[in-house]
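S.K.: Please find one structure pasted underneath; my questions will follow.
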Ligand SMILES: Nc1ncnc2c1ncn2[C@@H]1O[C@H](COP(=O)(O)OP(=O)(O)OP(=O)(O)O)[C@@H](O)[C@H]1O
């Protein structure tokens, strides 16, 4: 495209300031809401809390700043670090140096500490030029020990064994001499730090950090200066650690090498793990939980309430509680709990609906009945909206539509969502009534593995075979007792009769098969698992037209001769029409048309593919 004065280059749009209309707009538009929420929460805590609780809240706020900074470094930029406590100590020393010896005003001290932290962060990032992963983590551990040992040495030389004392801080004559005065200051700083990080996330820097973490090689290929951005991540987050350290030292009145320990560094990591690693609000919640657990344990099991083992081992108990909370979060416990509750509610609603509308007597139930199903992904994308379809035993339905129409999502609603996809059915039911069992089952509450065990077998678009296994190993594994639906058997001979091309390749590794042979192997394995419903995503993906045309009769045999139900999501309408009895046409998550697969449909489908659907008259097919 020729560039005009108003047309920015791709580089300009992505490199320059925050993307207009993207995260930046979302940042500004939701700012008043966040400000109100923060003000309400903080004012409520301030009013309700006594002086002691205010002191705890101040420590929590300072720790929350560190947790957020660590979230940015580890969760966004993917750089491991265990030096947070050391950085807090270093920030405290800087504040002592500037406030006590140089006698600078408190606000100026904070600004200079921020700058010092930035510079220190650039130096701390040097090991990251060569190291990554566990080695980088160890280098940050070395930095922690460096800071504490130098601090210990200097305190010993200066005979400041209890640390360097700081005077009361003061802002424009307003002395910060009590928790009730520190509270609003820390609250404002916490809010500003939170907003700054949120803002950064909407800029190119934030996007580059995420790229670095997710695909460092792709980031390099995209021209991102990886080392520079890693340096920026360390520098920015270290700067805020320093500020937090300066606030902490001023609040407690001294800066010492043992005011925070390596255990606190570990706790910061636990905080961000609790906050699901990468979420700023999560980091704050993590800081609140981790800071609240010790006082709670102390209240219930402390020396005043218990004796013997528990009160003697409070620290160990704290650590065990943290570890257990961490494991639960890492195993995705909270999300699983919410999902289980949702599933239960959905199952109850479906049961009520079924009671209200009993099946017609004598009606032959469909093998599969998808009723008003909607699918949403974790990030909020609504991929499928109120879709219904039915499939009789021994018939095939092809779901077609352009990219992003919702085909795969509908298939996942039938077979179950792969772990980590973040997809879920938000409403509707998927009722499965296999010939082998007269009782209908709502599949929505079952996992992908449980559905497979009931005869619903999925052939994904990619990763459908194991490269290291031979064709024979694949088939023997699928035919093995205990695989697939119990009580039905298919023999190797039957399988090779449907897929003769595989007979001559039994000893070949799946990794050495052609695209068409891999597709056939995946189908063969699905049938060998005694599938009663085979669900195939993109059967023609990567296949040549010749192979595609040879696949259609095979798919037909699967559904007709072997009386399996078949659902395929297809980009190629010719294969869809050749292999299926019915075609479901999807767009933007909805079913546009559903009809028998015949040649007349082809014209209509091609119009949809070319984006001319709106201009076409409605065809004589059933509508949803
Ligand atoms: N894991 C996911 N997380 C978030 N959104 C997703 C995810 N998978 C799909 N989507 C969204 O759901 C919508 C439908 O995607 P889906 O993959 O179902 O479409 P499709 O018709 O199969 O497309 P294609 O033919 O390109 O595979 C898209 O807008 C997509 O962005």
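Keep in mind that glycine also has a Cβ here, set from the backbone N, Cα and C atoms.
Unlike curated entries, TrEMBL annotations are predicted automatically.
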S.K.: If TrEMBL is the reference, give me the range from 7-26, 107-126 marked as transmembrane segment.
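M.R.: Feature transmembrane segment in TrEMBL: residues 107-126.
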S.K.: Out of 181-197, 198-214, which range is noted as transmembrane segment by TrEMBL?
M.R.: 181-197
S.K.: Quick test of your reading of TrEMBL: among 82-101, 222-241, where does it put transmembrane segment?
M.R.: 82-101
S.K.: Looking only at the domain 'ABC transporter' (368-613), what is the model's average confidence as pLDDT?
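M.R.: Value for the domain 'ABC transporter' (368-613), mean pLDDT as a whole number: 81.
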S.K.: So, do the transmembrane segment (82-101) and the transmembrane segment (133-154) meet, by the test of 3 or more Cβ pairs under 8 Å (sequence gap 6 or more)?
M.R.: yes
S.K.: Looking only at residues six or more beyond either end of the transmembrane segment (31-50), which have a C-beta under 8 A from one in the stretch?
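M.R.: Sequence-distant neighbours of the transmembrane segment (31-50): 56-57, 180, 183-184, 187, 191, 194-195.
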